Structure formats: C-alpha cells, structure tokens
Amino acid sequence: MSFETVDGTLNISCSMVMTTALAAILLLIGFWIRKKVNFLTKYCIPAPVVGGFLFMFITFAGHQSGAFAFKFDTTFQSPFMVAFFTTVGLGASLSLLKKGGILLIVYWLIAGVVSIIQNCISIGLANVTGLKYPYALLAGAISMIGGHGAAGSYGSTFTDMGYPAGITVGAAAATFGLIFGVLVGGPVAHMLIEKNHLTPDNSETLDTSVEEINAGHGEKLTSLDILQNVTSILFCMALGTEISGWIGKLIGMSFPSYVGAMFVAMLVRNLNEQFHWYHFKFPLVDGTGDIMLNLYLSMALMSLNLYQLLDLIGPVLLIVVTQVVVLVLLSIFVVFPILGKNYDAAVMCAGLLGHGLGATPSALVNMTAVKDKYGMSRKAFMIVPIVGAFLVDIIYQPQTIAFIKFFVQDFAG
C-alpha cells in the first residue's frame, strides 16, 4: 500500500494482495451487518453487496469531497469469477435431469424464453430512453437471470469494449432485481393459491432424491481429495478460458471466459461420473464456489465508481421495473396455467420470480416462505434450483451473446 498527495487529494494505492485482503474484510463486515439488520437477511441481500456498497459510498464521499481516492489492483477479480462459474458447472450432473421428468423440461424452456423476453425489453426501452445498448442489456437477462456474477462478468467485458460504467450498471441492476424478486415472489404465489383454493399434493410420486447426487456423506476429506478437486477446478478454468478465447476469435468479439469454463466443468463432471477419474466432493467444490463468488463481488463492488452511475440510474431502474412488471404478469397469466394451475405451479411461480429477477437463493427464499404457510411442494423444491442454478444458462447464455454480437458489436460507438 502506498500514499501520495496530488492536488490536495490523498491517493491510496493497494497492491493485489492488499486489495484481496480488503475485499475479504469487507465481506466479513457484510456478514456481520446482515446479522444485525433484519431487512437485509429477510430479503436475502448478499453479504458482499452489503460490504461492497458500504465501501463504495465511502469512496464516493472521498471523490465528491476531493479528500481521498483509492486505486486498486484487481488482478484476482477475474480468476475469482471464473472459479465460481467453474464450480457451478461441476455441480451440473446429468443425473439430475433424469429425476425432474417432463415438468423440469417445461420449466427450463419457460425460464429460457423469459431470458429472451428480458433482453428484448432491454433493447426496446434502450431505443425509447436513449440508453446505450450495453447498459440496457446489463439490465436484462444478464442481471435478472444471471445475477451479480454474470452482471460483473459481462460488465467487465463491456468496460473493455469502451463502456466505463459497465460493472457499476450491472451491479446496480442485479441489486435492484434481487430486491424486487424477493418482494414480489411470495405475494404472487399467495394470490394464486388463495384465488384458486390450492392445496399441496401429498400423493406426489416424483423421485426427489436429488440430495443423493450432490451430497457429502460425512467422509473425512484427505489432502489428496482436496488436491484432486482443486486441480479439477483449475483445469476447467484453464481449458475453458482457452476455449472462450478461441470462440471469441471465431465470432469476432469478446467472449466471457467464465462461459467456456462452466461448460468444460459440466463436461468434466459428467465424464467423471462415467469413468471415475477422481473422488468428486461436491460440498468442497460448492463451498469453494461460494467463497470465490463472495470475494469476486466484494472486490468488484468496493472498486466501483458510483459517480459514473448517476446519469444512468433513471433509465436502468425503468428497465428493471419493467422487467418486474412483465415477469409478474407472465407468471400469473402464462406460466401458472402452463405448469398446471395447481399448488406446485404456484410455488414454482414464486421460484421463477426469485431467480428470474435475482438469483437462485432468492427463489428458495420465496418458495420457503410459501411452504411455511401452505405446505411443501417437492416438485418445486427440486426443479427450480436445478434450472435456476445452471440449466437456464444453456439457453440464456447463447442468446445473450447473440444480442451482444448484434446490438453492441455492430452498433458500438
């Protein structure tokens, strides 16, 4: 860490290790604040968002007053993000698909169509408001379906393409979506259940033993187990990044490295289930992914320049609110009937509003609130997390990249 005063402003430069340490400290502060503030826990505001935004406001105050400014070395930020999505891919067992049946396929397709609609809304409102296409797309499926991780990744890509507020806009849109997602999911399900006099189906025969696929069984981890699983993550990151680079050259535009890493990881996971190359430990991989995502988000948010967002907040918020209204209407009048107009369908609508506007944990929070009041829906609790966690990416990622290719690459500048 170094200090230098320029024109009356104290410039504080942090090395990559110091930057990472500060991100970790802010993450812990975020967890502590969440425990103390019920609102943050109730509405599932992530700890890195709490800690990162807190520091972002501190740096904003320093910028506005001219008293101090921070300069961060965020070298580790991109690897953290790639590592997280790699662990998502490693959690994607095809065995899960066999347990979901036709309802899983239907819900998966619905989520995919929703992601396309969200991108169309973003582009349409960009033309109305004059918001640049990259910023508009960041308020579409990238942030709504993809969440904070995807928003940060694509935001970084757009920043590299010449749109400096990319990461800031993505983080803001993802946060708005997260809040709205947990605010509307439960009430919509409540309305559907009460209006249609729905009750849980206690005679469900669906195989819901998903826990057996991605679960630990109390075995003690050895150093070899840890080495094998960490090596698997690093291998998928390396190969996936190279593949993303090749794809980028092929299509003539920047291609997110985490997308390639995630799909390589999916391939490795399912090949390993067939050939048993190493002892896959999902709890270890999942925990590693959580840490990587939290550090990535904390680092990304604490280094944001809030003042870059001031001129964009109106159009971005308009797009997000429109996304919320459209998805609520779709859930009530389209998705609910397609899924069967029963109790499971109502709970799944709550889940869709959670991960369709924010993140998979938001979906689980919404469905848990419904379950606690009305009863369990095993189908919903199995299918929604599977689709929200990784299956929807198979549809949402390619079409989002197509939107970027057409509207950003061709219209940039």
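The backbone N, Cα and C atoms fix where each Cβ goes, and this holds for glycine too.
Feature list (source: TrEMBL):
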| type | residues | note |
| --- | --- | --- |
| TRANSMEM | 12-33 | transmembrane segment |
| TRANSMEM | 40-60 | transmembrane segment |
| TRANSMEM | 80-97 | transmembrane segment |
| TRANSMEM | 104-127 | transmembrane segment |
| TRANSMEM | 167-193 | transmembrane segment |
| TRANSMEM | 250-271 | transmembrane segment |
| TRANSMEM | 291-310 | transmembrane segment |
| TRANSMEM | 317-339 | transmembrane segment |
| TRANSMEM | 345-368 | transmembrane segment |
| TRANSMEM | 380-396 | transmembrane segment |
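When each of the listed stretches 12-33, 80-97, 104-127, 317-339 is scored by C-beta pairs under 8 angstroms to the transmembrane segment (291-310), 12-33 comes out highest. Ranked by number of Cβ pairs under 8 Å to the transmembrane segment (12-33), the listed stretches 40-60, 104-127, 167-193, 250-271, 345-368 are led by 40-60. The stretches the transmembrane segment (380-396) and the transmembrane segment (80-97) meet in space: the count of Cβ pairs below 8 angstroms, excluding pairs fewer than 6 apart in sequence, reaches at least three. Contact between the transmembrane segment (317-339) and the transmembrane segment (40-60) is not supported, since fewer than 3 Cβ pairs fall under 8 Å when only residues 6 or more apart in sequence are counted. Tertiary proximity for the transmembrane segment (345-368) is limited to same-chain residues at least six positions away from its ends with a CB under 8 Å from its CB atoms, namely 44, 46, 107, 110-111, 114, 144-145, 147-148, 174, 177-182, 184-186, 188-189, 192-193, 196, 198, 323-324, 327-328, 331-332, 335-337, 339, 377, 379-381, 383-385, 387-389, 392.
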